[in-house]
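As written in TrEMBL, here are the features:
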- A:25-43: transmembrane segment (TRANSMEM)
- A:49-68: transmembrane segment (TRANSMEM)
- A:99-121: transmembrane segment (TRANSMEM)
- A:128-147: transmembrane segment (TRANSMEM)
- A:177-194: transmembrane segment (TRANSMEM)
- A:227-248: transmembrane segment (TRANSMEM)
- A:268-290: transmembrane segment (TRANSMEM)
- A:302-326: transmembrane segment (TRANSMEM)
């Protein structure tokens, strides 16, 4: 706090902060459900572990997207580009140049941030949907580069043989080791988002989300904070891309297609946009849901679609919001 | 520093703004002294809000100058003016509806606090202390404007009048040198208006200059040291409230 030219606050008596009456259960419930899903995959191993592993990678990606779309209320259709940059950097540097996974991941992060800066700096100053259009373009451009730059990316063939991540000489390659590593990544990501959300930075994002005019009138540099938000989203996207290629051992252009964008939007809205738990529970439920309908055979997609529609009708604020609503309803 | 610095907080010189053929604000000049409350009044459509937007930077003037504490700030962006201590509220309340009342006020502390991404992630002791101080002061500000009991309600759940008071509390959080209030009493009941009037006097006595646009003549006459009257974009009178009340040009403008 800087010194104040005004003493008006001294006249008001200090009111002790009262914690908002909010249900503990509502805050914990999404995490319990997430822990149950991951726990089941840990025990079961095999195919469930693969599905949940992908979901956890998506949880990192969607958490980043949530900083830009949820906390700051902007729209980006091109986050897949930053995941592709991170993923391809990791794949190319570790297979073709014998880099370690960590420096390769950092190099991918730097490249993704540079790309986000190059596209975000000019477009985030504009009002309206220019940024959304620009992000859609960069998603398509990066996809095209991955397809056409065959000497490096091997085009549609893709890059295989990407080594797994090793930590202090221990290769993270078994189903359970991968799940534990990815869970740690998701917890760290969620913690980071929670801390950003309740900080001065997060309040600047919330100000932009609420009213750009009011934010500017309070001295918030809207263009600068939008850029910071965009860069943060790109960083998480890049890290998730790197995680993907190390876990799967393979990368091709289809991995980071428009389908990834649609899936991540679904996860964000089903889970609860703007919340910390939403992207995590959203990624897990949207990934696991189609599998639970596998016995429906031909009607699997239909059942999945119907389930999504029901979710959006009965939980318009997402699953994270649903728990909170149920919790307040029980109160007198 | 120019000759006008010193006791003058804000000076508007020949501010003019036209929209196509319509001259919304026509060569308006006036000064706002420190420790004072200046009110801009005028019939609907007289150009008061456009004048406000010229001063706050929301709309650039076609010609004329705006000096804040002796510095020419005519072409600065709203956030740059805010950083200098020129803080405004809006005629149509612009709250952050998803946030609670106290969180709205905490956003107002942006200019009076520090910390970016690293501070958010690492949360060192100094930042935790700062956050605790902001929380306490935000609640104290809500108490000051009479919203102490509504602190944890979402802003969207507040009444129109409460929303206005919340906007004043949020503006005060930025510790302005000049507080610009655009029709702060609109939608307030009698009690709330009386409380606002005494709050505005307190703010001015603390050293913050106040510039308000207001329709509520009772509030203007009770709080303002100086009244600027505009009609059809032009300044038609200026002076102490008692003198303005008897000014023939003002009476003509209001009574047609």
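Just so you know, glycine gets a Cβ as well, placed from its N, Cα and C.
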Close approaches to the transmembrane segment (A:25-43) from elsewhere in its chain (Cβ under 8 angstroms; 6 or more beyond its ends): 49, 51-53, 55-56, 176, 179-180, 183, 271, 277-278, 280-281, 284-285, 288, 319-320, 323-324, 326-328
Candidates A:49-68, A:227-248, A:268-290, A:302-326; stretch with most C-beta pairs under 8 Å toward the transmembrane segment (A:99-121): A:227-248
Leading contact stretch, A:128-147, A:177-194, A:268-290, A:302-326 vs the transmembrane segment (A:227-248) - CB distance under 8 Å: A:177-194
Within-chain partners of the transmembrane segment (A:302-326) [C-beta distance under 8 Å, separation at least 6 from its ends]: 22-23, 25-26, 29-30, 33, 266, 269-273, 275-278, 281-282, 285-286, 289-290, 293, 296
Outside the transmembrane segment (A:177-194), six or more residues from its ends: residues with CB under 8 Å to it: 38, 41-42, 49, 52-53, 56-57, 59-60, 63-64, 66-67, 71, 164-165, 167, 170, 236, 239, 243, 247, 276-277, 279-280
